[in-house]
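Taken verbatim from TrEMBL:
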DOMAIN    39-399  domain 'Cation/H+ exchanger transmembrane'
TRANSMEM  24-43  transmembrane segment
TRANSMEM  55-72  transmembrane segment
TRANSMEM  84-108  transmembrane segment
TRANSMEM  120-142  transmembrane segment
TRANSMEM  154-178  transmembrane segment
TRANSMEM  190-213  transmembrane segment
TRANSMEM  225-244  transmembrane segment
TRANSMEM  265-295  transmembrane segment
TRANSMEM  343-369  transmembrane segment
Amino acid sequence: MGVNVTSIKTSSNGAWQGDNPLDFAFPLLIVQTTLILVLSRFLAFLLKPLRQPKVIAEIVGGILLGPSAFGRNKDYLHRIFPSWSMPILETVASIGLLFFLFLVGLELDLSSIRRTGKRAFGIALSGISLPFICGIGVAFVIRKTVEGADKVGFGQFLVFMGVALSITAFPVLARILAELKLLTTKLGEIAMAAAAFNDVAAWILLALAVALAGDGPGEQKSPLISVWVLLSGVAFVVFMMVVIRPAMKWVARRCSPERDVVDEAYICLTLAGVMVSGFMTDLIGIHSIFGAFIFGLTIPKEGEFAERLIERIEDFVSGLLLPLYFASSGLKTDVAKISGGRAWGLLMLVISTACAGKIIGTFAVALMFRMAVRESLALGVLMNTKGLVELIVLNIGKEKQ
């Protein structure tokens, strides 16, 4: 049974009154969420002996639920994941994404960057420059071989490909280092600081790519608009650091174990601040997650306030909402579309270029800083960590066509 998008209702009157709950937004969202969580947790259990992170299970779960596997049965796909329901699922998932990037900013300690100094900066610079240049090279190949790729603006296509291949996943790297008990080692500190530099550079480049992209191919956009977007983004960051950061320091000082009621009010205001920051960057023309990330950076890391925020929202966001985002990425993926020698060849080219650029660039500069060969190679592999931010870049690219 088809559903008229203009007449979508939130909840049904129940089966006894002749309603099918799967034709209504909220009951269908419950079924989708439950299905995604059960499958992703089951896959995480199966992949645990291989020491794979949960995100892999969530993406694979989304791919299995989507058109690549179960979705080949059109009755199932149109009943459980109909096209009209996807914006609702993605909206809920995006709220989780917003708060996850806030948590990343909250956990990112800018002072650790100062301690490792020139070494981390040099490693980060090489770790993003070489794969970025390689990404531009891959972009030329793709423009000549993939039908329709040459219709996208030249500048934004090069920047987008460079960004997609050069990012290091800071939050995923942090978890890997924690699991391997490397977080407090010299190698771990350098990797974290270099990844932090890399992340900041990637966000700036991503903002540039989004500003250049506009709303899709064929759109004639004044370069002046891109300049305004970038200047507004810089002004937003300056405002957050100059005005909001001192305000958040004052809030953090006011919070203490004896002031539970006050704490509750401040935590609610902080959560509202995440949403407002996301709205402001979206208004500017940069993805809303950038605002949430910058707001996270303004929260003081010392004291109990940051700990209490993490404690309150981390499990709900990473356990319930974030898997929906990864799964929705999987649901958009149809592996069957990669067919023929050319398509598989391009896939291998992208993967090998991204990995080689990152590992070789980091390895070479680490050796220049007189690090041991084994440590330099380990650092190169660590900096090649991929994860959530890459998926965000690819999804933004898909949105902007």
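Glycine is no exception: its Cβ is also placed from the backbone N, Cα and C atoms.
For the transmembrane segment (120-142), the partner stretch with the highest count of Cβ pairs under 8 angstroms, out of 55-72, 84-108, 154-178, 343-369, is 343-369. Under 8 Å from some Cβ of the transmembrane segment (154-178) lie the Cβ atoms of residues 53, 55, 100, 103-104, 107-108, 127-129, 131-136, 138-139, 142-143, 188, 191-192, 194-196, 198-199, 202, 205-206, 208-209, 212-214, 350, 353-354, 357-358, 382-390, 393-394, 397, 400, all in the same chain and six or more residues away from its ends. If you count C-beta pairs under 8 angstroms between the transmembrane segment (265-295) and each of 84-108, 225-244, 343-369, the highest count goes to 84-108. For the transmembrane segment (24-43), the partner stretch with the most Cβ pairs below 8 Å, chosen from 55-72, 84-108, 225-244, 343-369, is 55-72. Outside the transmembrane segment (55-72), and at least 6 residues removed from its termini, the chain residues within Cβ reach (under 8 Å) are 35-36, 39-41, 43-44, 46-47, 80-81, 172, 322-323, 326-336, 387-388, 391.
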